[in-house]
C-alpha cells in the first residue's frame, strides 16, 4: 500500500488520484464502486503502534467514507470513545505489551455509552491454527467479533461492510426501538400493540394505570375478548387490508366498570405484505379526565329525582365546591404546562367518580393536604413522646421556627465580618515538624469515630481546625483535587478559623473541626467511596470546615426578632446559613493567598461553589425533617442544630423562642433526651442503614443512657452539669 502517513489524504489505488474522507463513491483494486452506506459511521482504531494493519483499516474507512480516529494508549482510546461514541471500535490484541487489548475491551464495556457499540479484536494469523484457539474467552470479555490480521485493502473493506450490515445497523435499530419503547412508556396516551390475530403483545404504563391490568394479566390474550367495538367485522376487515381504522372502543377496567375511548388503530406491514402487528392508540388520559370531570354533575336519568351519580348522598355545598374544583382542574389540563402535583390531584379526582361517600370525603382531605406548599414541613405527632411534655414541645417548636422556609433567590455576601488582611498568612508549606509528640499521636487517630476533639482543642490552644484540617485534607489529597498549593490551603484554614467566634459556647472552630472530622469518617465508608469522586470529597470537607463561620451565638429566630442587620440583609430567610456560606466565599476569593479555588476552571468552580452553598444551607434546622423525608427516597441528608441565648432575649424584651429553656430552670437532660428522641434517632437510624456504620447508633444509645441516668439523679440545671464535669475531672474518672 502506498499512501502518506500524515493521514490527510490517500491515493486512489485504481486511478492514482488523491481522495479525501467522506467520499461518496470510490474506486477499488477490484474495479468496482462502493457507495458509502452511512457517512456518519464512526470507527475508532486502538493500535499501540502504527503498522500495516492499522494503515489498511484507515484506508478502508476512507474508501467507504467512514469517519476514522486512531488512538495509541488506553487512556486516549477511552477519551476518544467518550467524546464521539464510535459505532465500531477495532482493538489490536496481538501485542499486550504495547496495548492491552483485552483489558481495554473490558474498560470500554464498563462505559454506559458502549451498549450498542461493536467491538472487534484483531489477532495474529496463526491463532486459528492452535488447538486452544477458541474465541469464546474474547467474546466473554466483550468482543463482538474476532478477525485475523490482514494487509489487504479489499479484505478490510469487506470486514467493515459486514460489520456495518450485520452488527452496526441492527444495533442502531435496537437502540431506536429501545428509545421508542421508553417514549411509549412515558407518553400519556393509552397504547396497545397486538399481533396479526389481535392478541396483545404490549401495553404501555398509561394503559396499565388507567385500566388496572398489568402486562402479565393480558399478555397473549385477544384484545377483543373483553373489550367491545361497534361493527367489529368492519374494523377487522379494514385492518387486514392495511388501512387505518378510527372509532370508539369500550374498554373493560379491572375494577369492573367500562370506559369508552376514541382512538385509532394503525396496521404495521411492509409494502405489498399483510400486516404483522396492529397499534391501538387512544386519546390521552388527561383529555379523557377532562370529559369525565365536565360531566360529573350530569344527572343520571335512571336515578330518582334529587339524587346524583355518586353512591350515598352529599349536601349542595359539597357538590357546588366539588364542581368548581373539577372545573378548575379541567382548565389546568388545557394549559400547555403541567406540574406533577396537578397530575396527582387529577388522578385522585378521577378515582372519586366511582368511590363511596366515605372514600370521597377522605380523598377530599388528601387533595386539601396536597394543595399546601409545605408538604415536608414537620408536624409533631400526637403519639410521639410523653403527652403534655412541655420541654419536648418547646424544644421541637423552637428549633424549627426561624421564619418562612423559602429558599432565597439571591445570595449576597455580608460586609460586616473580618477580612483576610488582618490575619497573618503563611508563605511556607505547612509542616508537622513543630508538632508535639502528643499532637502527632492524636492526629494519627483522626479518622476514627471516637476521635477526641476536645483533646485536640487543648493541644492546639484552641486552633483545632487548622491542625485537623491539614491532616484530613492531606489524607483526601484536597490540594490535588483543587489544584492549589499546600500553603494556600493552610492559609485558608487559618482565615476560616480566625473568623469563628471563640467566645461562643458551642459554635466555635472546635465544633467546625468536629463536624469536619465526622464528615471525613463518613467519606471513608465504602458506600460513599462508590458514589463520590475526589473533588466531591474535597467539597464536603470544605463545607464542613466553613459551615458555621462567624456564627454570632444567636439563633436565626433571635436575629429576625431583633431586626439584626443579617436578618435584614437576607430577608429573614436562612439568615445564619446564608451568612456562613456568603462570608466563606468572600474570605476565600478576596485574596489569592487564601483562594483555594483560583485554579479551577469556571464551570468546575461554579459547580463546587453551588455544592458548598447547598451543603451549608442544608444545615438550617427548619429543613431537618424535609431532608430526612427526602433522604428516605433519594438518600440525601444534612443536619445542624442551634441554641439561642434566652437571657439576651429577656433583657431586650424580645419573644423568648424557648421559654422553658430559661437558664435558671432548664433541664439539660430532658433537652438532650428530647433532641435525641425527635431529631437524632430517626436521622441516625436512616443514615446508618445507608452508610453501614453501627458505631453511630452505639454512641447515640450510650449518650441517651447517660442523660437518662443524670435525669434520675436529679441533675437538671446547667450549674449541676458544670459541677458534675468538675467532679469527674478532679477525680480522674471518665464516662
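Note: Cβ is positioned from N, Cα and C throughout, glycine not excepted.
Listed features, source TrEMBL:
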- 507: active site, proton donor (ACT_SITE)
- 507, 508, 509, 510, 511, 548, 641, 672: AMP binding site (BINDING)
- 511, 547, 548, 641: Zn(2+) 1 binding site (BINDING)
- 548: Zn(2+) 2 binding site (BINDING)
- 15-33: compositional bias 'Polar residues' (COMPBIAS)
- 176-246: domain 'PAS' (DOMAIN)
- 431-735: domain 'PDEase' (DOMAIN)
- 9-33: region 'Disordered' (REGION)
- 298-321: region 'Disordered' (REGION)
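Feature map: TrEMBL annotations on the structure.
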| residue | record | contacts (Cβ under 8 Å, 6+ apart) |
| --- | --- | --- |
| 507 | active site, proton donor | 500, 501, 548, 551, 553 |
| 508 | AMP binding site | 462, 500, 501, 502 |
| 509 | AMP binding site | 462, 463, 464, 465, 496, 497, 500, 502 |
| 510 | AMP binding site | 453, 454, 456, 457, 462, 464, 465 |
| 511 | AMP binding site | 548 |
| 672 | AMP binding site | 703, 707 |
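Its own atom aside, the Cβ of residue 548 (AMP binding site) has 26 Cβ atoms within 10 angstroms in the protein chains shown. Looking only at the domain 'PAS' (176-246), the predicted model's pLDDT averages out at 87. Look at the domain 'PAS' (176-246): DSSP puts its residues at 35 helix, 16 strand, 20 coil. Cβ neighbour count for residue 547 (Zn(2+) 1 binding site): 26 (other Cβ atoms within 10 Å of its Cβ, all protein chains included).
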